[in-house]
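**Student:** This is the structure I want to talk about, given as structure tokens.
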């Protein structure tokens, strides 16, 4: 089977045109994109084909017998190629493009290259041949038609004039001929900054005012220069190029604002200089040599600083004072003076005082007007060799303005202390000692400090020279030996010797003291080692100091007091309390556990007793013994009933009873509670109240108590029986 040239028809040699041949098409797109006429073999495209999607298709065709379906020939393969037409416009790879170029760039400086692609077949005609052109952005920029490279086209483009540009580039196929398709893109071009502008001060003269009391390092003022550039191209440095106060001021840069800050470096003094003039310069930090020709990248300005007067505290002539005084100097002696003055124009008077927190003992004082320091109390170098005080100067017109200065006072030594033994020596001499035998080496001490050092002289007291048992030898080196003057000593004859040693210093005025050296007599071995001393000597050696003895005595007294107090507390605990009732809440309430005959016992006592206090004033009986034992019976006249009812009230009676108890010598030595109650009748045992027994004490018969049983045996023994028995 073959295809006819330049045709879209298949034909089999076995096709005789009688309709018995059937053409069948298979392969890519068969039945969908391509269809074949079964009778004639014509191939038709059913849809529009796009070369950019698929450039060719591979198909297979065969001729078969329509009736038997048998292949008349072998299968044939053929390719259908799609011829390209210009149906795709050029497309840029980006939209938009972003680019930048330094300002002031030369003409022809490359900015960016743009690229457009065309999907048409580049090998077939000019459908894919693209040409570039600029639609917007002239005359600043140009584009290469073949490569799409954008370049600067105008010299001296200034970022400070215009920073951003929008350039539109067109890409057209068919080599730019008529009928060609085209595409566009936008290129955003930004001019980057270069240092092409010098800094400039906003003023030619700056003026600032500052108080003379401003602290060092504080800001005096701020100056500012402007620069049209940005970023590091606008960074500036400030410096002082001339000043009539060298070193008084300095200038630094605030990098965040690019401002110059003038700082104070030395103290200001309105009275000395009231105005300063400075010449300052500003300069770019990063300078581009390419733009040197555009002029110097610096600027200058003048600064005027006016000092304002401030009320200042007094100023001392010196930062500190050192004074010297001998320790024996008399009181009220002037040892030195301080001086301060008001630095202001008004020259206010100054008053001097001593800060008493630095002189708590008030050893010194100062004259308020002239600043003379004098001694207020006696000095002692050995107690305090240096005194550090502070003197305060205060303005009379403004007491809040004060200043202070340290004054160091050195106390000079005077020989006012006598030398003494360097320590407490415990010396002994052996009974078998030989004459001129050394038994002790003594040294001396002196709190004074002479310039040439100490020189002590030792000797035996004059009163002991004639009868001395020991001698003192001065070694001329501030030590002395104690020597024996005879052979053998007896502890039985004398166990302790007291040797008076006179110590004299070599200063003026001469000071001396007599020191007693105690020497014990002891038994020693042949080598001179002490073996035994007599009891008196041992006691003297082991004797305690007065403070230790007092402490021991106080401890003994405290122990004795504790023992006595403990014994007293134990005796007090053994005493049985007067109150045994659980309902009583205080130890000074006395309870009488008497019982009456009930609520209806009218025989317990006569209420007239409460209404007639005079009836019982003559007798004061004790309730724990038989009344007849101590007092004779008292008979009281009967009181008429009417009189009983109309007598004084119970309150007066109670008050009278309270007074009687207070004055009663037989009452307990503490507060007591006496209860007076009304009891009713109905009691079989009748009343036991002592109120009724007071009025009928002569007629009482206590023998019946023995009939009440063992509970009342105690009462029966106390009150029962005849008078002879009791």
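Cβ atoms here come from the backbone N, Cα and C positions, even for glycine.
Quick paste of what TrEMBL says about this protein:
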{"type": "COMPBIAS", "residues": "1-19", "note": "compositional bias 'Basic and acidic residues'"}
{"type": "REGION", "residues": "1-21", "note": "region 'Disordered'"}
{"type": "DOMAIN", "residues": "12-92", "note": "domain 'Cadherin'"}
{"type": "DOMAIN", "residues": "93-201", "note": "domain 'Cadherin'"}
{"type": "DOMAIN", "residues": "202-316", "note": "domain 'Cadherin'"}
{"type": "DOMAIN", "residues": "317-421", "note": "domain 'Cadherin'"}
{"type": "DOMAIN", "residues": "421-537", "note": "domain 'Cadherin'"}
{"type": "TRANSMEM", "residues": "548-569", "note": "transmembrane segment"}
**Student:** Within the domain 'Cadherin' (317-421), how many residues are helix, strand or coil going by DSSP?
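**Tutor:** Residue counts in helix, strand and coil order: 0 helix, 47 strand, 58 coil.
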**Student:** What is the number of residues in the domain 'Cadherin' (12-92) that are helix, strand and coil, as DSSP sees it?
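**Tutor:** Going through the domain 'Cadherin' (12-92) residue by residue, I get 0 helix, 34 strand, 47 coil.
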**Student:** When DSSP states are grouped into helix, strand and coil, how many residues of the domain 'Cadherin' (93-201) land in each?
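**Tutor:** When I sort the residues of the domain 'Cadherin' (93-201) into the three classes, I find 3 helix, 47 strand, 59 coil.
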**Student:** Using DSSP, tally how many residues of the domain 'Cadherin' (202-316) sit in helix, strand and coil.
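**Tutor:** Reading the DSSP string over the domain 'Cadherin' (202-316) gives 10 helix, 58 strand, 47 coil.
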